[in-house]
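**Student:** The following block contains the structure, expressed as structure tokens.
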Amino acid sequence: MPEESSPRRTPQSIPYQDLPHLVNADGQYLFCRYWKPTGTPKALIFVSHGAGEHSGRYEELARMLMGLDLLVFAHDHVGHGQSEGERMVVSDFHVFVRDVLQHVDSMQKDYPGLPVFLLGHSMGGAIAILTAAERPGHFAGMVLISPLVLANPESATTFKVLAAKVLNLVLPNLSLGPIDSSVLSRNKTEVDIYNSDPLICRAGLKVCFGIQLLNAVSRVERALPKLTVPFLLLQGSADRLCDSKGAYLLMELAKSQDKTLKIYEGAYHVLHKELPEVTNSVFHEINMWVSQRTATAGTASPP
């Protein structure tokens, strides 16, 4: 494909022609990352990041999975990281799901016959759930870390939700304030890394994006009774961003025959960047779960 005379650039002014990327159905350029094992991959796994962050924050997890001979791939969602789009704005939450399916389809053309897994954190967990629900039987398994299933009861009271819907009609770009980084993790070093990361969106959650997150919660709740994909669900009991009750709801409603929940008492939201004893356990649980299912997945995922 010939490049434009004036090349498209990332929000950080890097030409996309110099970076791995895809162009979505709306013509937006999305920055991609790939972690490829040295040998022949056993499976593919797409990593779906959370709101306001980017795919680069999954480097350690991706390298661990790559060590299991998985080909790990990801992109920065629209409006995030090094992808195009107004920061933390999306016309409809389904755009995120559509883009994931586009990326998955592209990778399956290059690696036909390999099983495909999903891994999602927070908002990325909701994206993973909706992606799996849209294609029953397509995915070999799913790992969910503190997924968005229920809105935080403190921030989604009936009054606040009603107020947000009214504001969305008149002031959709009004900021509701930035994410409080202190509730992400008890690991102060990780919080400092988050605070100094130039690719993190610090503009604050806009009303219009908050509405899309509420829409996502509604769609996830409707999708759960139809969900049959095997999954591993990891959740912190002290998560103040994604209500831990959502984990129990997911376990109760999902029709999956193979489903596992592990609760980390006292842990916050970003379990893969928590206190060492939590994060080490998270990596171990994911390693064991994925290893067992790649050994038995075969060619479960159609092209």
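Placed from the backbone N, Cα and C atoms, the Cβ positions cover glycine too.
These numbers come from a predicted model, not from an experiment.
Swiss-Prot feature annotations, pasted as is:
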MOD_RES   T10  phosphothreonine
MOD_RES   Y58  3'-nitrotyrosine
ACT_SITE  S122  active site, nucleophile
ACT_SITE  D239  active site, charge relay system
ACT_SITE  H269  active site, charge relay system
**Student:** Once the DSSP letters are reduced so that anything not helix or strand counts as coil, what is T10 (phosphothreonine)?
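**Tutor:** Looking at the DSSP assignment, T10 (phosphothreonine) belongs to neither helix nor strand, so coil.
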**Student:** Sequence gap of 6 or more, C-beta under 8 Å: which same-chain residues meet both conditions with respect to H269 (active site, charge relay system)?
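**Tutor:** Once residues fewer than 6 apart are set aside, H269 (active site, charge relay system) is near S122, S146, V183, L184, S185, G236, D239, R240, L241, C242.
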**Student:** Would you mind checking how many other C-beta atoms are within 10 angstroms of the C-beta on S122 (active site, nucleophile)?
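**Tutor:** So the number of other Cβ atoms within 10 Å of S122 (active site, nucleophile) is 25.
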**Student:** Take the C-alpha atoms of the residue listed as 'phosphothreonine' and Y58 (3'-nitrotyrosine) and report the distance between them in angstrom, rounded.
**Tutor:** 20
**Student:** Run through the Cβ atoms and count how many others sit within 10 Å of the one on Y58 (3'-nitrotyrosine).
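**Tutor:** Looking across every protein chain shown, the total is 25.
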